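Some features that Swiss-Prot has for this protein:
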type	residues	note
BINDING	Gly79, Asn110	anthranilate 1 binding site
BINDING	Gly79, 82-83, Thr87, 89-92, 107-115, Ser119	5-phospho-alpha-D-ribose 1-diphosphate binding site
BINDING	Ser91, Glu224	Mg(2+) 1 binding site
BINDING	Arg165	anthranilate 2 binding site
BINDING	Asp223, Glu224	Mg(2+) 2 binding site
Amino acid sequence: MQNILNKIYQSQHLNKEESYRLFKSISSGSITDITLSSILTAMKIRGESKEEIIGAILAFSECVKYFPKPNYVFLDIVGTGGDIKNTINISTASAFVAASCGLKIVKHCNQGVSSTSGSADLLKRFHINLHASSKEHRKTLDKLNICFLFAPKYHDSFKYSNNVRKILKTRTIFNLLGPFLNPAIPPLALIGVYKKDLLYSSIEILKSLKYQRAIVLHGDGTDEVTLHNTTHVAELFNGKIFSYELHPKDFGLKIHDKKIFTKTSLEENYYIINQIMKGKGDKLNEELIAANVAILFKIFGYEDLKSNTKLALNKIRSGDVYKHIINVANMLKED
């Protein structure tokens, strides 16, 4: 193990096998907090390689408590976080809109570590019981098209790194692992990454994990579609990888001069999204969520982004999404 640590401290990349060994030790709690802190910091400064990410994924995947997989097609929408923008939870809001439109979504979620509030923090604010049994969550997926898999419940091995991550308060390789460790093993995925450099390595990882179709995107410094600038996309389709750019006009939308609102607290995040889901949100955030939902439809095979965006906007402005959220919360109510 010391040889592996020395390589990291000398700014050398690990191969897949070395990374697997390292993260196997981390997942079993064999690495002290001080050592783990130095590992994560050193890897962050020099940048994590694709081989290191795959090795870590393989190590943690051996510890996952798997979710009962449906026999129908479903998708995960997730961002790496760590873009330091403190934007509202677009992916969580988009998941609810997509489910209201009939798409099957199994969202892997967690509490905020490198952001003001993670998806799990927001979901709890909407009174969604993340600690319900897998059977109950599967029921909401079957009947209401959506369920949320709370990472700590399915990834017990992450507990050994949580304290260090909270102390560091910055993005680390763990931001890159979550999107590839959904306990339901979805065949489809939309992943937002915090920097453009991660696009190609992320889509290659999805290909190696045998995803049927997936899109990885980065927009204007965020891990979401942007309506302020160019969205950079890497897509996996029929075993081939494509790279392209998207602009607001591709969604039938105009460029927004102002950038997306940022939130300073969980309560502000909740209030903004609550209003949007009730059909009372501001135009920018409505359109931003609709554009992300349009990408979800595309992954499911509905290729017309403009039609997809229009459908999503109509659903958002109807207020039906909020009713859908309430139905999900009621189905998962604690006795």
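Just so it is clear, glycine is given a Cβ too, placed from its N, Cα and C backbone atoms.
Structure coloured by features recorded in Swiss-Prot.
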residue	record	Cβ contacts under 8 Å, 6 or more apart
Gly79	anthranilate 1 binding site	Ile90, Ser91, Pro179, Ile191, Gly192, Val193, Tyr194, Asp223, Glu224
His108	5-phospho-alpha-D-ribose 1-diphosphate binding site	Asp76, Val78, Leu149, Ala151, Gly178, Pro179, Leu181, Asn182, Pro183
Asn110	anthranilate 1 binding site	Gly118, Ser119, Ala120, Phe150, Ala151, Pro152, Gly178
Gln111	5-phospho-alpha-D-ribose 1-diphosphate binding site	Gly118, Ala120, Asp121
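Counting in whole angstrom, the residue listed as 'anthranilate 2 binding site' lies 20 from Thr87 (5-phospho-alpha-D-ribose 1-diphosphate binding site) by their C-alpha atoms. The Cβ neighbour count for Arg165 (anthranilate 2 binding site), using a 10 Å radius and every protein chain shown, is 19. DSSP gives Arg165 (anthranilate 2 binding site) a helix state.
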